[in-house]
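J.: Here it is: the structure, laid out below.
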Amino acid sequence: MGNITKRGSRDFAADSAVLLEGSLATALHSRLYEAIIKEDCDTIRTLLRNHPVNQPLTLLASSTGYRFLSQQTQPIFPIHLAAEYRKPQSLLCLLQHGADPEVRDAQGLTTLHLMLLNWPVTSTTWTKPSTRIQKILTDIQNNAVLCLRILCDHGAQVNARVDNSNKHSPLHLAITYGTYPVLSFLAQNGAQVNAINESSMTPLHMAADILNKNMIETLIACGANVNCAISSTGNTALKLAVCTASSKAGRLLAAGVGCIRLLLNHGAQVNAQDHEGQTALHEACFGGREVIINLLLEFEANVNILTRNGESPIYMYLQRSSNIRDVTLLARLLYRTYPLRLSNKQGALPAGIMLPEFHLLRETLIKLSKKPLTLEAICKRNIRNVYGEKYKFQLKKLLPAKLWNSIYGIYDFTYLLK
């Protein structure tokens, strides 16, 4: 009985020692946490004598009010804490004491990744902060930039990928989370501007897909390859931009024209084909947005390229009834198309003209497709396709007015299509 009592006393003493040690560790973690947030570098240096700089802090839910409740019991590395909360003095102090900027959290994120994910969103509409709130936001932005500089100056890997299914590089993260100001800084510090993620997309692909003109312009200035194709699909930045701009949302928001023109002005190949043989013009014609189609035609998009399934841009245009109602645009496409192929390799006609309301148009187009053109008409088409909209007025200075009018009188078909 006495042995049992002695053993119980020893166990109680051991448990008490463990509890005491745990409470001391918790107190240490809490003090270091608060010192980092307050940028109290003297206290940070003192506490690091008893806490390894690359060991995570674990805080109880009640130990601090800085983090959200869902995050309070999650371990966090001191350097990650300083980066997330944009505390440049604390970040510098930790790095000077051996903090590893490449240490990763449970989601596979480095310090730089976390910086980008937590980058502040501030307005760019003012030049000088005029209110207290604007000054606070400007200070937050400046602290973020300073933290980024400190990280890069201390060897942060600007090409380290996130250790998850996306495999995003820092540049990909900057595009995803809208941190436009850091793109050029990362590129100047060695970030590979043409790096690909797990989906084989470059940062430019991602910027084009969301029609962010500022990002596109910055990436091109930093050396992005405008004609790089996604290996799985063959899509280029131009094709992605046209796809988004031609969508319902793109039409409603009148978005994307500036992005597409920017890509074309910087050498994007207008007739590049994806793995299915589609060009940007195929995509634009399916969307039916006139301003996009006209822009591609201005840059000499070829209306006669066929997909692997034998579908021309005009075939794509005729797929949708909403497109067919724009007779003027249809006539413009017809006047550039030769030969007129209305069916694909399976012999199927476009779905739009199969609707009962378009049966007269269908018959008219079938007749046109079977009617051979004269040599004169073929020559006029070739001239239009070679010189396009871009150079037609230069051509007007060289040709007799009657001849020029006959070449560019592209609305003659309109009455047949009504």
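Just so it is clear, glycine is given a Cβ too, placed from its N, Cα and C backbone atoms.
As annotated in Swiss-Prot:
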type	residues	note
REPEAT	27-57	repeat 'ANK 1'
REPEAT	74-103	repeat 'ANK 2'
REPEAT	131-160	repeat 'ANK 3'
REPEAT	166-195	repeat 'ANK 4'
REPEAT	199-228	repeat 'ANK 5'
REPEAT	233-272	repeat 'ANK 6'
REPEAT	276-305	repeat 'ANK 7'
REPEAT	309-342	repeat 'ANK 8'
J.: Going by DSSP assignments with H, G and I as helix and E and B as strand, what are the residue counts for the repeat 'ANK 2' (74-103)?
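T.: Counting residues per DSSP class in the repeat 'ANK 2' (74-103), I get 16 helix, 1 strand, 13 coil.
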J.: Please indicate, using numbers and ranges, the residues of the same chain that are 6 or more beyond the repeat 'ANK 8' (309-342) and have a C-beta under 8 Å from a C-beta there.
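T.: Residues 276-277, 279, 281-286, 288, 290, 293, 297, 301, 303, 349-353, 355, 357-358, 361, 365-366, 368-369, 373, 378, 381, 384-385, 410-414, 417-418.
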J.: In this predicted model, what is the average pLDDT of the repeat 'ANK 3' (131-160)?
T.: 93
J.: Short question: which residues 6 or more past the ends of the repeat 'ANK 2' (74-103) have a Cβ under 8 Å from it?
T.: 32-33, 35-37, 39, 41, 44-45, 48, 53-58, 66-67, 110-112, 114-115, 118, 120, 140, 143-144, 146-147, 150-151, 154-157, 160
J.: Could you put numbers on the helix, strand and coil content of the repeat 'ANK 5' (199-228), residue by residue per DSSP?
T.: 16 helix, 0 strand, 14 coil
